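> If you scroll down you'll find the structure; I have some questions about it.
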Amino acid sequence: MRLTTPTTAGSRDQHAGSVPVAVARGLAALAGVLAAAVTLGVAHLVAALVAPEGTPLIAVGEAFIDLTPAWLKDAAIAVFGTADKVALLVGMALVVAALAALAGVLARRRWGLGATLVMALAAVGGLAAMSRGDAGALAPVPSIVGGAAGLVALRSLLRRIPDPPAAPVPAETAAVDLRPLPPPGALARRSFLTAALVAAGMAAVSTAGGRLLGQVVRTADAARAALRLPRPARAAPPLPAGVEAGAPGVVPFVTPSSDFYRIDTALLVPQVDPGTWELRVHGLVEQDVTLTFAELMGSDLVEAWVTLACVSNPVGGDLVGNAKWLGYPTRELLARARPRPEADMVLSTSADGFTASTPLAVLTDSRDALLAVGMNDEPLPLAHGFPVRMVVPGLYGYVSATKWVVDLEVTRFADRRAYWTDRGWSAEGPIKTASRIEVPRPGTPLRAGPVVVAGTAWAQHRGITGVEVRVDDGAWEPAALAAEASVDTWRQWSYRWDASSGDHRLTVRATDGTDRVQTAERASPAPDGASGWHAVDVTVE
Ligand SMILES: Nc1nc2c(c(=O)[nH]1)N[C@H]1C(S)=C(S)[C@@H](COP(=O)(O)O)O[C@H]1N2
Ligand SMILES: [Mo]
């Protein structure tokens with residue numbers, strides 16, 4: 001800051017290195033973007049040190065997800081599928097870059113204005129971090145420190161932008177010029193480049209440092225690697241021969257954990273240390289129960305084949321997967337707590353604040369509703385709920401399959417609402433009977449003659465007792481069913497079609513264990529699951 005006179009202000013255009021206004025503005029925008037990168041990098045590093053839940057971009061993204069209504073969640077999944085998180089992060093990065101560029105341009109002309117915008121952005125990050133379910137007292141610290149670093153970076157970058165040739169300034173307005181004093185032009189330009197490189201380097205180093213440190217303090221990873229699962233007290237029955245239809249191109253009966261669909265509201269996978277994990281069972285119970293991980297591992301665990309499905313799965317979609325789970329029956333745990341007669345629901349809560357409302361009756365009847373610790377003979381992968389999640393046959397995941405579960409409140413549907421119920425989805429979510437054609441895929445060239453049509457059908461806890469295929473507007477023909485592993489799993493089917501040349505539409509429908517035929521009525525996923533028959537259009541040469 002300096003006092004100046006019309007004469008000295010006017011003399012700026014004498015500098016050999018003055019640049020056109022557009023260039024100066026472009027450099028200011030670049031300074032803003034670099035300052036944002038420094039902010040986020042430093043915040044990331046500080047977060048790794050003091051408050052992993054306080055990474056501003058992640059916290060803002062998760063807060064955004066929390067504010068997402070049913071139709072938008074549905075639309076995001078429809079467009080991006082399980083890449084919806086990547087799409088969100090890319091979108092946020094673009095918005096932040098645009099705002100940061102604006103802050104740079106504003107700050108070049110009026111420092112206070114640009115600085116206010118930077119501080120406002122940091123405040124949004126800090127507030128979002130504080131609003132997270134798992135926020136500690138230090139949650140806003142990464143945003144504050146990052147924001148301060150960003151301001152310093154912005155200031156020193158802007159100081160190095162050579163001035164455009166100044167128009168002669170009227171005496172009255174030029175009395176006080178708050179612009180930082182620029183060094184002589186040519187030198188200034190070189191020093192801007194140097195400062196820009198320093199800022200970019202700082203952003204990169206702090207981001208990488210934060211990531212590295214995050215890995216070091218990731219106790220959950222290490223605990224998972226060291227964990228040996230106990231032998232089940234009751235093992236899953238061996239899969240019957242012929243659970244696979246034997247048709248090439250049909251998805252495997254057992255979904256490898258690495259291919260298992262992932263749906264949750266967490267942008268960063270929660271790190272839950274089994275050493276300190278506890279599950280509290282409370283609410284409308286005679287006896288509060290607290291379970292440690294060691295107690296859970298020492299209990300009589302059972303294995304079960306269960307197919308999970310997401311309510312957001314569209315007709316023919318792939319947000320469904322089948323695994324062998326190892327866990328403790330919720331029936332046993334709840335029996336120890338002794339629910340009161342007026343209770344009809346269990347609200348489960350995850351370490352990151354997600355909640356699901358599950359009918360108490362479903363968690364206490366004879367089915368294999370589990371507090372699961374194992375998936376396909378291994379500890380749960382972190383993204384699938386390590387160390388403990390719920391798995392409930394027959395219900396969509398959003399009302400039952402709480403990952404990173406830490407709390408079970410026995411309550412009533414009339415008294416409590418779960419995460420997605422607050423956002424417009426149904427309080428209860430039994431899985432609707434579904435079937436899909438996996439081969440032939442649409443657009444695959446086919447030859448006239450025998451063609452294998454095959455796929456998977458599911459109606460968890462009711463079972464699949466029939467699948468039929470229809471060609472164009474013809475009669476429904478029964479498909480051959482593969483062996484059934486359990487009423488809680490999906491079931492493969494196949495149909496030998498004698499294809500004639502031309503364009504055809506293949507349609508499938510299933511019948512469940514209660515003799516009900518899958519409805520033709522089309523419904524979109526919100527509010528309680530998609531329905532309608534899956535059809536595939538093919539051309540036969
Ligand atoms: N903590 C937590 N658990 C959660 C969710 C979530 O957002 N947070 N999503 C649920 C939903 S909508 C589904 S479909 C299943 C998906 O489980 P998966 O990711 O292991 O396939 O997890 C459920 N459990
Ligand atoms: Mo879901």
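Glycine too: its Cβ is placed from the backbone N, Cα and C atoms.
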> With TrEMBL as the source, which of 482-511, 512-541 is set down as region 'Disordered'?
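Range annotated as region 'Disordered' by TrEMBL: 512-541.
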> Could you pull out which residues elsewhere in the chain have a CB under 8 Å from any CB of the region 'Disordered' (512-541), counting only those six or more residues past its ends?
70-71, 73-74, 77, 311-317, 396, 424-426, 428-429, 431-437, 440-448, 451, 455, 459, 462-465, 487, 499-506
> So which residues does the transmembrane segment (86-106) touch in its own chain, when a touch means Cβ under 8 Å and the partner is 6 or more beyond its ends?
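Apart from its flanks, the transmembrane segment (86-106) reaches 25, 28-33, 35-36, 40, 57, 60-61, 64-65, 76, 79-80, 113-114, 117-118, 121, 154, 157-158, 267.
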> With a Cβ cut-off under 8 Å, give me the same-chain residues at least six positions beyond the ends of the transmembrane segment (27-51) that come close to it.
19, 57, 96-97, 99-105, 107-108, 114, 118, 121-122, 125, 129, 135-136, 138-139, 141-143, 145-147, 149-151, 153-154, 157-158, 161, 192, 196, 199-200, 202-207, 209-211, 213-214, 217
> How many helix, strand and coil residues does the region 'Disordered' (512-541) contain under DSSP?
0 helix, 11 strand, 19 coil
> What mean pLDDT does the predicted model reach across the domain 'Oxidoreductase molybdopterin-binding' (269-417)?
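It averages 97.
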